[in-house]
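Novice: Have a look at the structure that comes next, please.
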Amino acid sequence: MKRKSERRSSWAAAPPCSRRCSSTSPGVKKIRSSTQQDPRRRDPQDDVYLDITDRLCFAILYSRPKSASNVHYFSIDNELEYENFYADFGPLNLAMVYRYCCKINKKLKSITMLRKKIVHFTGSDQRKQANAAFLVGCYMVIYLGRTPEEAYRILIFGETSYIPFRDAAYGSCNFYITLLDCFHAVKKAMQYGFLNFNSFNLDEYEHYEKAENGDLNWIIPDRFIAFCGPHSRARLESGYHQHSPETYIQYFKNHNVTTIIRLNKRMYDAKRFTDAGFDHHDLFFADGSTPTDAIVKEFLDICENAEGAIAVHCKAGLGRTGTLIACYIMKHYRMTAAETIAWVRICRPGSVIGPQQQFLVMKQTNLWLEGDYFRQKLKGQENGQHRAAFSKLLSGVDDISINGVENQDQQEPEPYSDDDEINGVTQGDRLRALKSRRQSKTNAIPLTVILQSSVQSCKTSEPNISGSAGITKRTTRSASRKSSVKSLSISRTKTVLR
């Protein structure tokens with residue numbers, strides 16, 4: 001995350017907001033039009049002021065605001081910035097939401113600002129407008145108790161609009177998530193205990209999300225970690241951070257992780273995790289693709305029977321990893337595909353890419369029904385008739401269309417082979433390289449050099465590991481549950497968002 005000191009310029013005077021939506025700065029007398037027009041309609045280039053509370057205001061301004069004794073303007077556009085992969089630009093991550101909420105609360109409680117209107121303003125950049133509105137909306141949902149719809153209605157008052165968020169894939173995009181999707185995700189995360197800022201560990205989040213410190217994020221506290229794929233040995237080559245299994249072992253033990261699930265080709269020997277006492281499972285499918293029904297079922301079965309938390313990785317820990325964790329969330333928490341994608345990206349930006357988005361929409365109804373049956377069975381309400389009715393219900397959702405995406409029967413792809421990823425640069429390689437490059441102290445290293453290093457390491461990683469095609473499951477656990485290696489850099493033990 002890039003953070004710059006908040007600008008503290010002395011701008012000339014403007015009184016506080018006096019209306020929900022205005023095409024002029026507050027306090028400036030608005031000239032009434034003789035024509036009978038909708039007073040909420042505005043020109044796209046008009047300044048907009050939206051009252052959040054009697055003291056807090058959100059503004060979209062196309063010129064620099066002027067300060068006054070009774071108003072305090074501030075902007076986070078250059079302070080809390082999204083670190084993009086390609087054309088993606090948001091939503092901002094969980095740490096930035098936390099920082100923003102702390103900033104607002106501090107300003108509202110400040111003795112020197114008790115008589116001032118607090119105006120959070122953003123400029124003409126539509127991407128920054130969307131992220132600023134996202135932060136304001138999250139604050140309304142988390143701290144003001146507004147429903148997602150109430151927060152969204154305030155932000156779109158006067159026909160104000162915001163561009164939707166897209167994925168981190170290279171090229172065009174045909175699937176988007178909206179501010180309302182994000183607000184619903186945050187609300188449900190609070191409802192289900194995923195989000196609790198009273199115990200949020202900001203330092204831990206910002207430390208471990210960096211490529212050099214492990215590149216991991218909790219998606220569901222105490223249940224799911226998404227992390228980048230380990231290599232056979234830890235090293236830094238051409239600005240590209242590679243971590244061995246031993247980098248993660250102590251952290252995983254401290255946080256009750258019992259199960260590791262690998263979705264990409266073998267770049268380390270699973271024995272290095274199993275000898276340390278972890279269960280390890282391999283569920284391979286191609287980088288950038290969607291999982292088969294068999295893989296989804298196997299993943300859910302593993303997670304539902306895991307004794308503790310589950311750590312999931314592919315190459316970058318974004319596409320395949322985010323997709324399968326999203327399947328679990330949709331099944332067990334009945335969140336929509338869009339809400340789930342929004343939440344996973346708020347926790348770990350860049351997650352769920354390309355066709356994986358439509359795949360989740362297609363699977364939504366089926367996963368909800370499976371979740372209903374799962375919960376019914378846990379309550380002891382299952383019987384033969386219920387099971388038969390449920391099976392019939394599931395068989396009827398194959399051609400259901402959700403948001404224009406049809407759930408059609410498709411031929412299962414051929415089993416995935418490790419060789420598919422060995423000889424070329426895949427999407428995961430590019431995303432990992434981009435993240436390593438932008439977070440390294442020097443950005444002077446060409447991306448092609450980092451990618452070349454990554455591919456070479458793939459070809460030489462663990463050459464003696466026996467290959468396997470299709471879905472391979474490994475569930476060995478060391479009898480002694482001992483580890484002969486030490487963590488390279490991880491020392492913190494507090495769980496994020498308990």
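Cβ atoms are placed via backbone N, Cα and C, with glycine included.
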Novice: When Swiss-Prot marks a stretch as motif 'Nucleolar localization signal', which of 1-54, 217-270 is it?
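Specialist: Spelled out, Swiss-Prot records motif 'Nucleolar localization signal' over residues 1-54, not the other listed ranges.
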Novice: Which stretch does Swiss-Prot mark as region 'Linker', out of 199-212, 437-450?
Specialist: 199-212
Novice: For Cys314 (active site, phosphocysteine intermediate), what is the secondary structure by DSSP, using just helix, strand and coil?
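Specialist: The three-state answer is coil.
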Novice: Give the mean pLDDT for the region 'A' (44-198) on the 0 to 100 scale.
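Specialist: The average pLDDT of the model in the region 'A' (44-198) works out to 96.
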